[in-house]
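*Asks:* What follows is a structure written as structure tokens; I'll ask about it next.
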Amino acid sequence: MGRLPGGGLAKGLAVTLRTMTRRSITRQYPEVQPDLPPRSRGVIALFEENCTVCMLCARECPDWCIYIDSHKETLPAEGGGRPRTRNVLDRFAIDFALCMYCGICIEVCPFDALFWSPEFEYAEYDIAELTHEKERLREWMWTVPPPQAHDPSAEPPKEVAAAEKAAARAARSPRTGPPPGPGERG
Ligand code: SF4
Ligand code: SF4
């Protein structure tokens, strides 16, 4: 069957009309800020107090864009014990010109010292300014959203489930209560 002459034109006009009557979805940024999901990967924030200078994040970063300097400090022990040494953080910087926002550093940090903030407005005219030192990384902590509430229908954490199982076992067992004393064993 042959096509009607002008059929393609009519089809094209129909698409144009349909699109014209649809609500525009143009984002009016920067006049209107985008409504970003709380887990957006905007910038990395450092909670310095939690950092033990273990270097795990710098070692695992695929871009080598985390720079850490530290020195050791010896603390005199109280009560005549051996003096303790601890790492003191001198420099912690992330070069966001190199960072690929993979999140590995945040995942591997064993001490919850790194967090995602959804903040993204930190473009610079000078690329060197994209290296954020620890003071600036600390400032981003103010923009880190609180952790999301647990999904009520999700499985409980493994630790809680294990503790509940142990408590249920103890409640079922006839030998509850404190263990018998030396003379009480039958
Ligand atoms: S997000 Fe990835 S690339 Fe960026 S600093 Fe962390 S580990 Fe490195
Ligand atoms: S992994 Fe965490 S604790 Fe270790 S150096 Fe990096 S930020 Fe600090």
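Here the Cβ of each residue, glycine as well, is placed from N, Cα and C on the backbone.
Annotation comment: TrEMBL describes 42-71, 90-119 as domain '4Fe-4S ferredoxin-type'. Here TrEMBL flags CYS51, CYS54, CYS57, CYS109 as [4Fe-4S] cluster 1 binding site. For CYS61, CYS99, CYS102, CYS105, the entry in TrEMBL reads [4Fe-4S] cluster 2 binding site. The region 'Disordered' annotation in TrEMBL covers 143-186. Summarising the annotation, TrEMBL assigns compositional bias 'Basic and acidic residues' to 152-162. Per TrEMBL, the feature compositional bias 'Low complexity' maps to 163-175. The compositional bias 'Pro residues' feature in TrEMBL is assigned to 176-186.
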*Asks:* Within the set CYS51, CYS61, CYS99, CYS102, which binding-site residues show a CB-to-ligand 2 distance under 6 A?
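*Replies:* Near ligand 2, sequence order: CYS51.
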*Asks:* Of CYS51, CYS54, CYS109, the binding-site residues listed, which put a C-beta under 6 Å from ligand 1? Please answer none if none do.
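*Replies:* Going through CYS51, CYS54, CYS109 in sequence order, none turns out to be close to ligand 1.
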*Asks:* Looking at the binding-site residues CYS51, CYS57, CYS99, CYS102, CYS105, which one has the fewest other Cβ atoms within 10 Å of its own Cβ?
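*Replies:* Output over binding-site residues CYS51, CYS57, CYS99, CYS102, CYS105: least Cβ neighbours within 10 Å is CYS102.
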*Asks:* Measure the Cβ-based neighbour count of CYS109 ([4Fe-4S] cluster 1 binding site), defined as the other Cβ atoms within 10 Å of its Cβ.
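*Replies:* I count 20 other Cβ atoms within 10 Å of it.
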*Asks:* Setting CYS51, CYS54, CYS57, CYS109 aside, what same-chain residues sit with their Cβ within 8 Å of the center of the Cβ atoms that define the [4Fe-4S] cluster 1 site, listed in sequence order?
*Replies:* THR52, VAL53, MET55, LEU56, CYS105, VAL108, PRO110, PHE111, ALA113, LEU114
*Asks:* In whole Å, how far does the CA atom of CYS109 ([4Fe-4S] cluster 1 binding site) lie from that of CYS99 ([4Fe-4S] cluster 2 binding site)?
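*Replies:* Answer for this pair: 16 Å between alpha carbons.
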*Asks:* Once near-sequence residues are set aside, which residues in the chain of CYS54 ([4Fe-4S] cluster 1 binding site), 6 or more away, have Cβ atoms under 8 Å from its Cβ?
*Replies:* PRO110, PHE111
*Asks:* Once the chains shown are all counted, how many other Cβ atoms turn up within 10 Å of the Cβ of CYS61 ([4Fe-4S] cluster 2 binding site)?
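*Replies:* Excluding its own Cβ, CYS61 ([4Fe-4S] cluster 2 binding site) sees 20 Cβ atoms within 10 Å.
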*Asks:* Of CYS99, CYS102, CYS105, which binding-site residues come within 10 Å of CYS57 ([4Fe-4S] cluster 1 binding site), going by C-alpha to C-alpha distance?
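*Replies:* Near CYS57 ([4Fe-4S] cluster 1 binding site) by Cα: CYS105.
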*Asks:* Over the span of the domain '4Fe-4S ferredoxin-type' (42-71), how high is the average pLDDT in this prediction?
*Replies:* 97
*Asks:* Compare the Cα of CYS51 ([4Fe-4S] cluster 1 binding site) against each of the binding-site residues CYS61, CYS99, CYS102, CYS105 and report the nearest.
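*Replies:* Ranked by Cα distance from CYS51 ([4Fe-4S] cluster 1 binding site), first place goes to CYS105.
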